[in-house]
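Student: Just passing along the structure, written as structure tokens.
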Amino acid sequence: MKKYDVVVIGGGHSGCEAAAAAARIGAKTLLITHSISTIGEMSCNPAIGGIAKGIVVREVDALDGLMGKVIDNASINSTILNRSKGPAVWGPRAQADRDLYRHAMQNSILNYPNLTVLEASVENFTTTDNQELPTINSVITADQEVIYTKKLILTTGTFLQGTIHIGSYNTPAGRFNEQSSVGLAKTLASYNFKLGRLRTGTPPRLDRNSINFSGLQEQKGDTPPSPFSYMSESINLPQISCYLTATNTKTHEVIKNNLHKAAASNLLKEIKAPRYCPSIEEKVRRFSERNSHQVFLEPEGLNSEIIYPNGITTSSPLDVQQTMLKTILGLENVKIVRSGYSVEYNFIDPRELYHTLETKKIRGLYCAGQINGTTGYEEAAGQGIIAGINAALSLNSNYEPFILKRNDAYIGVMIDDLVTLGTSEPYRLFTSRAEYRLRLRSDNADLRLTELGYKISAVSYQRYLTLNRKKEEVTKLTNILKETVILPSQLSQHGVCISQDGRKRSAFDLLSNPNINMNILSKICNQIKNYHANTIQQVEIEAKYAPYFIKQELDIQSFIAEENTHIPHDIEFSQIHGLSTEIQEKLQYMKPPSIGSARRIPGVTPAAITNILFYLRYHKNKKIL
């Protein structure tokens, strides 16, 4: 008889983080996957990070997750998006060698302490009914093997009753040539989970040798490339270029003439696709006034002959794809290695989940990744690590849930959006979703999260020591700058003019001036040069934003006060005077854990919040009396 503390189904980006997190905390963990060889597979684009997404990768890394370290072993073109804007919206991104990424993730997972990997297909799970809610008991594989578990995490990606479409052709699959999961979908439906249908897509893969790069715009990465992980010193792989081309009026004519053949325009038109990553057919239809759309030609590896054309996701028939591609500059003689396609799949309404990502209907069942209605490797990884941590912590009956709030992390923003608002289309993170993005930056994820993770045993002692060393260096340099007084006359010697009022200003305060940076100050304060470049950058960013932090702190304190005003899980909203039936039903279904969470539910009015607060205070005082 096989028994585990935590079982994770799915070996994608979410499943790997969930399994590793649970094992790291000490849970006896089993990861079940259709194929060990596809653990860590990059199903779509060969890249990690981006705007907001790159910050999530840093947050996962700050909690000792895998993604940051793995991409640092596979990065072949690294850049910081939005570098011309403020640090709050910088987006670290790395092009990956697809094979190196997969191998590095597999090496991590297959050698992880407390973690076992099983190659099997799970068709069902069972529960016990000896408590107020059904409780996870076991999983059953396709060959009828029963594996007992206390906690189960579903990270099924696009495999939950997945179907692939290429033109009028369709076949059950969660990924090209990989079977979908049908049994689990039926099991979830039997427990009355609210299931929906979403779709996503991928472009055709191209033969590098059939592309003429000579007339295309070369896109080199940063020099030197920046690592994702706070534990990585540098990127050691050779860096190669991507190339930029674009569609044109001829391309669009081919697409328009064949729109009726594309699955996304025909069979799947009622199923929502990612709004911010539309297919080329949808781009042409929605933006008919545009004569071109960018296409980024991204290499899939250092030794790969395959090019990923980012920007032309399609579900058209193969012959239409070929005709369309040959109208694009550089692709006149292109050969398709693998067809683009669209995939539709089941997802759970994320409002069926708590902030821990445990389901409300089955105790001990957690969901993470695309099954919750999100899109993207990074969003999946962020959910996976939270589900894994909470599943492991909940093995102790007296555990405190690990919940990241909206002012803690982008992961907290994402999960709160999902479980509070739900989603009707694939959810993607943006910096605009975060109210406190001045604090939620890519440079300080470790300062925000690593100590929190260490307190619950999710972070290693080595990483904790690394954090403390960084904090010491940042504090030392900050103090030096605050104690160093600089006159306007000293700055004028270096070509910087500020008010000649003779007033003494600290070097730290001067950094809030957009015309002053660490490079200038280092010519006056020689001690700056004694510190690592990362420390210098960290202190400079903190100083630049310092005046804004003071203003934002009041908002954060108000937010925290509402988040700390807890609503009992067993509260009967029907007993609260003044709530409409509609609001009562919404609150009873959602079961918000706090006043802040209740306030963010659409349709819950300020008056309703006042009534809830009055009810909570009355009953609190009644208990005291």
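Each Cβ is built from the backbone N, Cα and C atoms, and glycine gets one as well.
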Student: Considering the FAD binding residues G10, G11, G12, H13, S14, G15, S181, Q370 given in Swiss-Prot, which of V89, V122, V254 is annotated for that site as well?
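Tutor: My reading of Swiss-Prot gives V122 as the candidate in that site.
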Student: Could you tell me which of these binding-site residues, R275, K283, R285, has the fewest other Cβ atoms within 10 Å of its Cβ?
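Tutor: The binding-site residues R275, K283, R285 were compared, and R275 has the fewest Cβ atoms within 10 Å.
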Student: Of A273, S279, K283, R285, F287, which is closest to Q370 (FAD binding site) if I measure between C-alpha atoms? They're all binding-site residues.
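Tutor: That would be A273, the closest of A273, S279, K283, R285, F287 to Q370 (FAD binding site).
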Student: Provide the number of Cβ atoms within 10 Å of the Cβ of S14 (FAD binding site), excluding the reference atom itself.
Tutor: 33
Student: What are the sequence-distant neighbours of V122 (FAD binding site), meaning same chain, six or more residues apart, C-beta distance under 8 angstroms?
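Tutor: When sequence neighbours closer than 6 are ignored, V122 (FAD binding site) has I9, I32, V139, I140, T141, A142, S181, G183, L184 within Cβ distance under 8 Å.
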Student: Count the residues of the region 'Disordered' (204-226) that DSSP assigns to helix (H, G, I), to strand (E, B) and to coil, and report the three numbers in that order.
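Tutor: Counting residues per DSSP class in the region 'Disordered' (204-226), I get 3 helix, 6 strand, 14 coil.
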Student: Any same-chain residues 6+ apart from A273 (NAD(+) binding site) with CB under 8 Å of its CB? Would you list them in sequence order, or say none?
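Tutor: Same-chain residues close to A273 (NAD(+) binding site) (Cβ under 8 Å, separated by 6 or more) are L198, R199, T200, G201, A264, S279, E282, S342, E425, P426.
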